[in-house]
Amino acid sequence: MSYKIKEMYYTLQGEGGQSGRPAVFLRFSGCNLWSGREEDRHKAICQFCDTNFWGTDGENGGKYATAEEVVRQATALYPDGFSKKYVVCTGGEPMLQLDQPLVDTFHQYGFEVGIETNGTIKIDLPLDWICVSPKENTEIVQRTGDELKIVYPQGGMNPKDWEDLEFTHYYISPMDDDHTEENIQTCIAYCLKNPVWNLSLQTHKIIRIK
Ligand SMILES: C[S@@+](CC[C@H](N)C(=O)[O-])C[C@H]1O[C@@H](n2cnc3c(N)ncnc32)[C@H](O)[C@@H]1O
Ligand SMILES: Nc1nc2[nH]cc(C(=O)O)c2c(=O)[nH]1
Ligand code: SF4
Ligand SMILES: [Mg+2]
C-alpha cells in the first residue's frame, strides 16, 4: 500500500485533550466529505473546512511507497533519542488511507498513534488516541473513542444528541469562520450551561504555529 500525503511536520497538538503535546502531524491528502477544491466547497457535505489537503505538494508531502518510508520521515522530524514519540494522523480524512501496516510500523518505531477523523469510516486499528469530530448530515459509524469534538455552532447540530456515545472526553470547539469571536462566546456559554462539554480551542492558531 502506498500513501498520498499532503504534508508532514513537527508541531504542538493544538486541540483537544492532547493539546500542547509535541507531535508529528501526518496530513493525508483527500477527504470523503469535500474534494478539497474551493469551487466545490458550496456543494460539499462538509463546507467549513479550514484545511488545504489537496494534492501532495506540502512540507514533506509526496507519494510514499511504503509504511517504512513514512515512519522514517516522521522519525527524522523528532529530536534524537526521545522514546515517547507521537504522531497525529489527520487530513483530509485519514481513515481513507491509514492501515494496519502503517500503524504497526509506527508502533515498532516507538510512536503512539493518534487520529483526527470525521467518524464516517469505522476504525479497526490499534490506535492510541481517537478523536471523532462529527459533521452535520453524515452517518457516524465510529461511535467510541477518547474524545468527541464538535465544531460549534454547526447548523442545527445539538451536542445533547451526542452525549450517549462512548467517549472519555466531550469537547466543543468554536467554528472558525467570519464569526469566530462570537462563536467562541457561544461555546463558552454552552459549556457553562452543559458541563458535560469542555471547551477546546484551536490553540495553534492563537499562538500562530502550524
Ligand atoms: C481538517 S480536519 C481533518 C480530520 C477529519 N477529516 C475531521 O474532520 O475530523 C481536523 C479538525 O479540524 C476541525 N475543523 C475543520 N474546519 C474547522 C473550522 N473551520 N473551525 C473549527 N474546526 C475546524 C475538524 O472538525 C477536525 O476536528
Ligand atoms: N497544531 C495543530 N493542531 C491540530 N490539531 C488538529 C489539527 C488538524 O488539522 O487535524 C491541527 C493542526 O492543523 N495543527
Ligand atoms: S471532514 Fe475534515 S478534512 Fe474533510 S472537509 Fe470536513 S473538516 Fe475538512
Ligand atoms: Mg488543522
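Every residue, even glycine, has its Cβ placed from backbone N, Cα and C.
Sequence annotations record features per position, and here TrEMBL assigns substrate binding site to Leu12, Gln13, Gly14, Arg27, Thr90. Annotation note: Arg27 (substrate binding site) sits in a strand segment as assigned by DSSP.
Per-residue pLDDT, averaged across the domain 'Radical SAM core' (18-210), gives 98. According to TrEMBL, the feature domain 'Radical SAM core' maps to 18-210.
Cys31 ([4Fe-4S] cluster binding site) has a Cβ environment of 22 other Cβ atoms inside 10 Å. Taken from TrEMBL, the feature [4Fe-4S] cluster binding site applies to Cys31, Cys46, Cys49.
Residues or ranges marked as S-adenosyl-L-methionine binding site by TrEMBL: Phe48, Cys49, Asp50, Gly92, Ser133, Pro134, Lys135. If you draw a 10 Å sphere around the CB of Phe48 (S-adenosyl-L-methionine binding site), it holds 15 other CB atoms from the protein chains shown.
The Mg(2+) binding site annotation in TrEMBL covers Thr51. Around Thr51 (Mg(2+) binding site), the C-beta neighbours below 8 angstroms that are at least 6 residues distant in the chain are Arg27, Gly91, Gly92. Thr51 (Mg(2+) binding site) carries neither a helix nor a strand DSSP state and counts as coil.
Around Leu12 (substrate binding site), the C-beta neighbours below 8 angstroms that are at least 6 residues distant in the chain are Ser19, Gly20, Arg21, Pro22, Ala23, Thr203, His204, Ile209. Here the CA atom of Cys31 ([4Fe-4S] cluster binding site) lies 10 Å from the CA atom of Thr90 (substrate binding site). Between the two most distant C-alpha atoms of the annotated substrate binders (Leu12, Gln13, Gly14, Arg27, Thr90) there are 14 Å.
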